[in-house]
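Visitor: Dropping a structure here in structure tokens format, bear with me for questions.
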Amino acid sequence: MSQPTSRRDLLKAAAIGAVAIAPGLTLIAPAAARPLGTGASAANRWGLLIDTSKCDAGCTACVDACKTEMGLTGHDRPLTDSQYIRKVDVTDPASGHRHSLPVMCQHCAKPPCVDVCPTGASMKRADGIVLVDRHICIGCRYCMMACPYKARSFIHEDQSGQKPDNPRGKGCVESCTLCAHRIDAGGQPACVESCAKDGRAAMLFGDLNDPNSEISRRVSTEATSRIRADLGVEPAIRYQGI
Amino acid sequence: MKRVQYLAIPAWTPGWMMVMAALAVIIAIAGGAVLYMEHQGHWVTGMTNQVVWGMPHVFAIFLIVAASGALNVASIGSVFGREPYQPLGRLSALMAMALLAGGLGVLVLDLGRPDRLVVAITHFNVKSIFAWNVILYSGFFAVVGFYLWAMIDWRMKRAYKPAAITAFLWRLILTTGTGSIFGFLLARDAYNAAVMAPLFIAMSFAFGLALFILFILGATTALNRPLSMELVRRKGRLLGLFVAANLYFVAIQHVTALYMADRVAVETFLLLQGGLYTALFWGGQVLLGALVPLILVFRPNASRCRVRAASVLVVLGGIAQIYVILIGGQAFPLTLFPGMEVSSSFQDGLVAAYAPTAAEILLGLGGFALALLIAVIGASALRILPASLGDGDEATAEIILAEGDPVAAP
Ligand code: SF4
Ligand code: SF4
């Protein structure tokens, strides 16, 4: 399979260009850019920690940033337009307590979408990021049936305004990439960046495999949980206060 | 020993041409619907990011499930040695292949990228039950095709019994595979159950036999060939048994789910408060699709007309059943936060609305037409249909004394 490799190189080249014109990106980066020609490493396990007590129901900074970053212009059709990340408002009917949190692909360690995909288009990188290979997705939508988090969208019509880092073709399935293109360049996901800047700094990105990362330190010292942990798919997205 | 006379359907007669033309028109319209949906993209269908499999899948799954059931008549004759069924074995195998082709056609043409079909063969994910189905389906054509050949060609007599057994086992696995597509979806409250596999087998027995009976009744009428009332009743009663088995597994499916606290919500939805889905379940699937046919076929001296009506109802009830399983199961929201009320811009916590569009229904009907077209062409090109399925001395002898005794063959 030479296609995906060559495209990955291309993306990386593009990403390095981005670093050059936006050096600020590297200042807040938790890890160094991956050198050209090397694959994602199993030494990393990229993940997020989201503190829902900071997150506000009215805030959609992460969602807006994702749309811009990934070129999700949409057609004003909420039932068929793609959404990589959405704000879910949760109410406890017993107490009336409300909270709000962003939900995106949870980059499961045991991803059902990958298990069911007939062609292997749904795949998990060595560093745990789950992606759809747009070259071999046949658009069967079985992964959408299998995903417990409703994280995936089907591209229901022709798209315009695409971003080079996120090519989108009608008839394929897509979802949050954890901004793999930014991570590979040593950056962090667009949602996390904008949550820190325009939102309430509720999201923390980092390497769950690195014991010295801030995310690992917090996960090991504070109570965190995962959505539907009972399903055993081991998401890389952790939450506090759900 | 007397041989069963098989005669090909005479082709190129005015009636034959008319049937062919009608089917070709339906298929052409379905083709137009596909071009429209693929060109515009799926937003012109009723399918959304919530209901990702729609009406085309209802038809496709019905046809695929019925395909393996249609093979039953041949299996009963050969594997289980019931002689009255043997003369119909050829038709049974042909119909099985035709129905599978129709169902797969619909399934493939609804893919987001049907042009990448070859990718499904070159890239194979061994963990995917879907990928395994690709092998099971292609293998089905090979196995049943060989079985048909062994039935038609007397020189293949030795292969007849092994071919019959292989085909029988293959179809059981195939239907298990189809049912497991749902059984493996751990996140969907309505599906994730082991009973899905046996349920689909029971469904396949009923739907396949119903379509088979309809084809026999239609063909013998159109060709003016005799058909024994006893045979019709016998098939009708067999259909009744299969329908009862289906109903039994449906009961298990729902009763066991009701015992699981976390499934009560989805069961309440489907069985009581689901609007259309509840109506289709009780009215379509249970009443019209099962109870009424049972009464019709088990009445003493059921007439040809009653058996036909029962078969039509089983088919319609079957489509309703798959609609409830497939669409109803998706319409019910996924549970991200058990016990909580949720809302979002992505329809979280909401029952999804789905209304099939004409294009989707036309594509599905095209699958039926394709299956029928293949069956008629096959029965015209090969000696598939017995010259007579009548009563009376000569005809009975023709039916019962199948060529040699294939079952006893080494
Ligand atoms: S959240 Fe869904 S799409 Fe993402 S890895 Fe898990 S199963 Fe796959
Ligand atoms: S829609 Fe694409 S990614 Fe999803 S299961 Fe089918 S082929 Fe795989």
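Cβ atoms here come from the backbone N, Cα and C positions, even for glycine.
TrEMBL: automatically predicted annotations, no manual curation.
These came from TrEMBL, pasted as-is:
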{"type": "TRANSMEM", "residues": "B:12-37", "note": "transmembrane segment"}
{"type": "TRANSMEM", "residues": "B:57-79", "note": "transmembrane segment"}
{"type": "TRANSMEM", "residues": "B:91-109", "note": "transmembrane segment"}
{"type": "TRANSMEM", "residues": "B:129-152", "note": "transmembrane segment"}
{"type": "TRANSMEM", "residues": "B:164-187", "note": "transmembrane segment"}
{"type": "TRANSMEM", "residues": "B:193-217", "note": "transmembrane segment"}
{"type": "TRANSMEM", "residues": "B:238-259", "note": "transmembrane segment"}
{"type": "TRANSMEM", "residues": "B:279-298", "note": "transmembrane segment"}
{"type": "TRANSMEM", "residues": "B:310-332", "note": "transmembrane segment"}
{"type": "TRANSMEM", "residues": "B:352-377", "note": "transmembrane segment"}
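Just tell me what is around each of these and how deep it sits.
Guide: Distant neighbours of the transmembrane segment (B:12-37): 44-45, 109-110, 114, 222, 358-360, 362-363, 365-370, 372-373, 376, 380; these residues of the same chain sit at least 6 beyond its ends, with a Cβ under 8 Å from one of its Cβ atoms.
Listed by sequence, the residues of this chain that lie at least six past the ends of the transmembrane segment (B:57-79) yet keep a Cβ under 8 A from its Cβ atoms are 85-93, 95-100, 102-104, 106-107, 110, 137, 140, 144, 147, 151, 160-161, 164-165, 167-168, 171-172, 174-175, 178, 200, 203-212, 242, 318-319, 322-323, 326-327, 363-365, 367-368, 371, 402, 406-407.
Away from its own ends, the transmembrane segment (B:91-109) comes close to residues 34, 38, 56-57, 59-64, 66-68, 70-75, 77, 117, 137, 140-141, 144-145, 147-148, 151, 167, 171, 208, 211-212, 215-216, 363-364, 366-375, 378-379, 382, 384-385 of its chain (Cβ-Cβ under 8 Å, at least six residues beyond either end).
Sequence-remote contacts of a segment are chain residues at least 6 beyond its ends whose Cβ falls under 8 Å from one of its Cβ atoms, and for the transmembrane segment (B:129-152) they are 64, 67-68, 71, 74, 89-90, 93-94, 96-97, 100-101, 104, 120-121, 159-160, 163-164, 166-167, 170-171, 173-174, 177-178, 180-181, 184, 382-383.
Sequence-distant contacts of the transmembrane segment (B:193-217) (same chain, at least 6 residues past either end, Cβ-Cβ under 8 Å): 62, 65-73, 88, 91-92, 95-96, 99, 171-172, 175-176, 178-180, 182-183, 227, 232, 235-236, 238-239, 242-243, 245-246, 248-250, 252-253, 256-257, 304, 307-308, 310-312, 314-315, 318, 321-322, 375, 389.
The list of residues near the transmembrane segment (B:310-332) in space but at least 6 beyond its ends in sequence, with Cβ under 8 angstroms from a Cβ of it, reads 50-54, 57-59, 61-62, 65-66, 182, 188-191, 203, 206-207, 209-211, 213-214, 217, 236, 239-240, 243, 246, 250, 265-266, 269-270, 274, 277, 280-281, 284-286, 288-290, 292-293, 296-297, 302, 351-354.
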Visitor: By Cβ distance under 8 Å, which residues at least 6 away from the ends of the transmembrane segment (B:352-377) in the same chain are close to it?
Guide: 9, 16, 19-20, 23-24, 26-27, 29-34, 36-37, 44-48, 50-51, 54-56, 58-60, 63, 94-95, 97-99, 101-103, 105-106, 109-110, 215, 327, 330-331, 333
Visitor: So if I exclude everything within five residues of the ends of the transmembrane segment (B:279-298), which remaining residues of that chain have a CB under 8 angstroms from its CBs? That is, six or more out.
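Guide: Contacts with the transmembrane segment (B:279-298): 233, 236-237, 239-240, 243-244, 246-247, 250, 270-271, 306-307, 309-311, 313-314, 316-318, 320-321, 323-324, 328.
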